[in-house]
Amino acid sequence: MRFHPVHLALAFSVFHSYAKSSSVSTADHALELITRSGGEHGHHHGVAPLLELNETELLQHGHSPTPPSYYTIDWEDPEQTPGSRHPSLIITHSVFMSLAFFGFLPTAITLRTLNHAWRGVAVFGFYASFILACAASSVYRKLTPDMYAGSSHARYGYTVLLVALVLTGIDTFDAFCRLVLFLRSEKHYTFKGIVRALFGRDQNHEGQPLNVEYIGLMGDEEDAPKEGKQSRDSYDVPDSIHTSRSSSPHSEATLHDVHISSSRGLISCGISLLRRVGRGAFAVTERALVIAGFAMLLSGIVIYTGGCREKYFTGCLAHLIKGGIFWCYGLISFARFLGWCSEVGWAWNRATPSHAGYPTAEMVESTVIFLYGATNTWMERFGAEPGDPYTTKQIQHIGIAVMFWFAGLVGMAIESKTIRRWLTVYSDRPENILESHTPSFNPFPALVIGVTGSVMAAHFQVYLFQVQIHALWGNLLVAFAVLRSLTYFFLWVAPPRTTLPSRPPTEALGSFFLAAGGLSFMFSTEEVTIMAMRRGRDDIMMFAVVAVAITCLAFSWTVWVVGFHGWLKGHMKRNGRSISYDTHSA
């Protein structure tokens, strides 16, 4: 049978007309389903995503265009005269605020951790940069109309400043107490001795610092077993005295002295425990200020661009919080790869014997995952009216939150030493294995993140560009899970034998994918994707390379922070200066 060219052309035209009519009907059917679903995120997987933005449908569901903002006034509004624009002030505000939280603050934490004399200079630089940034922002607000009514960015910034001032007050009070103790204990004063007392470097009669740095937990951990041993010895004494009380005329007095000694031991142990908890809380709060600075950066970008308003608010907030968590998680994982917290075994190495009691990194990861799931489970119904049925979207997100909840709980159980003892099969032959010094193999944090990435990569979206960007960060999270699993495999085959950081390359790649995935997660906010489509910027490659570039910049900053700490510690050791450093410092 022969086909004439005319017949082929006719057949092709008929097929093309049918395909075109089918695509149009599919798009119309998609809009109809979206309208009936009551929201833009209709979950009808049989419908192909739309290629072009439908402004009419967006307006029907309350998704109005982003109103004018500070950004449009400074850079886009042609009606604004050059004298009414002040972008230099907002740039000054951004530079000094970034310098305060990402420059002076990490430097101050490192210097304070190592008891360096210049730590006061770094703290002064932090407050000076913060004040200059606030001054530039105040002048900018006076010269520019209020484009974001009800903004809480300034209040949040002053709250963070208040927390920093409280921490500085505690540090100053601690230095004052050291100085008073030095003045009371010394008969001859020297300027060098006073300086050493202020920075906690003076030595008492036992050769130990008068007061270990409030975030240096090494001294307390080393003294704790001695106190415990003394306490146990004091409890053992009364039994021996009781057996010989009839032959000793001073047994009653001795027993009374022993009870007094036991009470003092208990009080001393309680005070030591409270001191360690307080120092740990101080250390965590101080480092949390850096994360608070990152949150201020996100808040400032939202206010300056005028986003996250009206019906966009809840979705925008969810994407920024969840994406920010993955972003910070990736940076912390990379810091672990570089050697952060190697003393406690968090750098894929063996923990030193004096720090075997610290929780593992997997315990911290599982705890954060558990808390995230336990809180986020109840937040998916925010904005819903009482009696409203559960939507498909809500069920999907609640299911992910419940997975975080109980998978985190399982991860915590695996890391619990008590539960490990319950699950241990004891044998008659004693095993000489220091379990606390071996690395932890807990796949549940990677499992949770990998499953989240895989399901979100297949998450239904109305527009094709939204599907692509969700697939981007979903696949990046899956890549992290695969690489973390490979890290465990290689460590299982060849466990680390020293306390030096092992730096598995799979962890470096995995942390990069995790951070880039978290940033892409924030980029996938509905308002951002719709704005990109309106401006003709809906190019997935552009979003991907921007996420990769910013991640590389953040990783360079992480290398600087961890490298500066290592260089300074080595420099002080070479100069013969004593170091009382925090095991949780970078």
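Here, residue 1 is simply the first one shown, and the rest follow in order.
From the backbone N, Cα and C atoms, a Cβ is placed for every residue, glycine too.
Annotated features in TrEMBL:
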- 225-235: compositional bias 'Basic and acidic residues' (COMPBIAS)
- 240-251: compositional bias 'Low complexity' (COMPBIAS)
- 83-166: domain 'DUF2427' (DOMAIN)
- 293-564: domain 'Protein YTP1-like C-terminal' (DOMAIN)
- 222-253: region 'Disordered' (REGION)
- 1-21: signal peptide (SIGNAL)
- 90-109: transmembrane segment (TRANSMEM)
- 121-140: transmembrane segment (TRANSMEM)
- 160-183: transmembrane segment (TRANSMEM)
- 288-306: transmembrane segment (TRANSMEM)
- 312-335: transmembrane segment (TRANSMEM)
- 395-414: transmembrane segment (TRANSMEM)
- 444-465: transmembrane segment (TRANSMEM)
- 471-494: transmembrane segment (TRANSMEM)
- 506-523: transmembrane segment (TRANSMEM)
- 543-568: transmembrane segment (TRANSMEM)
**Prompt:** In terms of Cβ proximity under 8 Å, which residues at least six beyond the ends of the transmembrane segment (90-109) contact it?
**Reply:** 70, 74, 119, 122-123, 125-127, 129-130, 132-134, 136-137, 140, 286-287, 289-290, 292-294, 296-297, 300, 304, 557, 561, 564, 585-586
**Asked** When the domain 'DUF2427' (83-166) is classified with DSSP, how many of its residues are helical, how many are strand and how many are coil?
**Response** 68 helix, 0 strand, 16 coil
**Message:** If we skip the immediate neighbours and take only residues 6+ beyond the ends of the transmembrane segment (543-568), which ones have a Cβ under 8 Å from one of its Cβ atoms?
**Reply:** 102, 106-107, 110-111, 113-114, 116, 327, 330-331, 334-335, 338-340, 469, 472, 512, 515-516, 519-520, 523, 532, 585-586
**Within-chain partners of the transmembrane segment (312-335) [C-beta distance under 8 Å, separation at least 6 from its ends]** = 63, 291, 294-295, 298, 302, 365, 368, 372, 379, 382-383, 449, 473, 477, 480, 507-508, 510-527, 551, 554-555, 558, 561-562, 586
**Request:** Please give the sequence-distant neighbours of the transmembrane segment (288-306): residues at least 6 beyond its ends with Cβ less than 8 Å from one of its Cβ atoms.
**Result:** 66-72, 90, 94, 97-98, 100-102, 105-106, 109, 147-148, 151-153, 156-157, 160, 163-164, 167, 316, 320, 324, 327-328, 522
**Message:** Within the same chain, where does the transmembrane segment (444-465) have neighbours whose Cβ lies under 8 angstroms from its own Cβ atoms, ignoring anything closer than 6 residues to its ends? I mean 6 or more beyond.
**Reply:** 30, 34, 40-45, 49-51, 53, 326, 362, 365-366, 369, 396, 400, 403-404, 407-408, 410-411, 414, 471, 473-478, 480-482, 484-485, 488, 514, 517, 529, 532-533, 538, 540
**Complete:** Taking every residue in the domain 'Protein YTP1-like C-terminal' (293-564), the average pLDDT works out to 89
